[in-house]
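Chemist: Pasting the relevant annotations from TrEMBL:
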| type | residues | note |
| --- | --- | --- |
| SITE | ARG19 | site 'Transition state stabilizer' |
| SITE | LYS26 | site 'Transition state stabilizer' |
| SITE | ARG165 | site 'Positions MEP for the nucleophilic attack' |
| SITE | LYS221 | site 'Positions MEP for the nucleophilic attack' |
Amino acid sequence: MTALPNFWLIIPAAGVGSRMGASLPKQYLTVARQTILEHTADCFLTLPNLLGAVIATSAEDSYWPTLALAQHPKVINCLGGKERADTVLLALKTLQSHGALADDWVLVHDAARPNLAQNDLFKLLHEVAQAEAAGGILAYRAKDTLKRQQPNSQAPASIEQTIDRSVIWHALTPQMFRLGTLLNALERALQQDLNITDESSAIEAAGLSVRLIEGRSDNYKITYPEDLAIFQQQFKTKV
């Protein structure tokens, strides 16, 4: 394998995670004496080819300054925006102000996705850097039968059709693109008021190709209490 490329990291952490139903944002919930956000950052911070990491938080965030992570020499803090796309765009501009160049690789990773396997990260870095595409994302193939709901149907929902799962992938993070490419795509998407739920959707809207890099399905995002319980159980198993 050729040497892995240098890269910058963005972790959008300005959300409140309302679906968790917790008393504080889910990225600050503690598992094994560390917050979810710290577990997530640990997936990257020991890598020598990490140039720096922007962690974007909200203006009302009183938890971030209390973390040792906030003092890490490779970590830069910036304020997030109204939506994820706004936050990532602000983080990209923060990277530029710290010397990042348009051709530099940037990885964007969810704050509450702490179970990233290092082999998957290395695979993404290697394959996307070699690909003839604008970038790439970790993803895994759909395993279950998928149903499309009838449009505008009231509860209880009813099925309109079964979707061919052979062409369906679940998008994960990290997602990896050149800084300039992602910045331009996000600016254009926001100007057009497009629904951007991840970075790849902005790149796709710009008409550019994105590689699917197959990763592990246990690279889950902690969204609901049952997700948190699974992550907690992993540490209990290790004891």
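Heads up, the Cβ atoms here are built off N, Cα and C, so glycines get one too.
Automatic prediction, not curation, is the source of TrEMBL annotations.
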Chemist: Among the recorded sites ARG165, LYS221, whose Cβ has the fewest other Cβ atoms within 10 Å?
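Modeler: Counting other Cβ atoms within 10 Å of each of the recorded sites ARG165, LYS221 gives the minimum at ARG165.
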Chemist: How big is the gap, in Å, between the Cα of LYS221 (site 'Positions MEP for the nucleophilic attack') and that of LYS26 (site 'Transition state stabilizer'), rounded to a whole number?
Modeler: 11
Chemist: Could you give the Cα-Cα distance between ARG165 (site 'Positions MEP for the nucleophilic attack') and LYS26 (site 'Transition state stabilizer'), in whole Å?
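Modeler: Per the Cα atoms, ARG165 (site 'Positions MEP for the nucleophilic attack') and LYS26 (site 'Transition state stabilizer') stand 31 Å apart.
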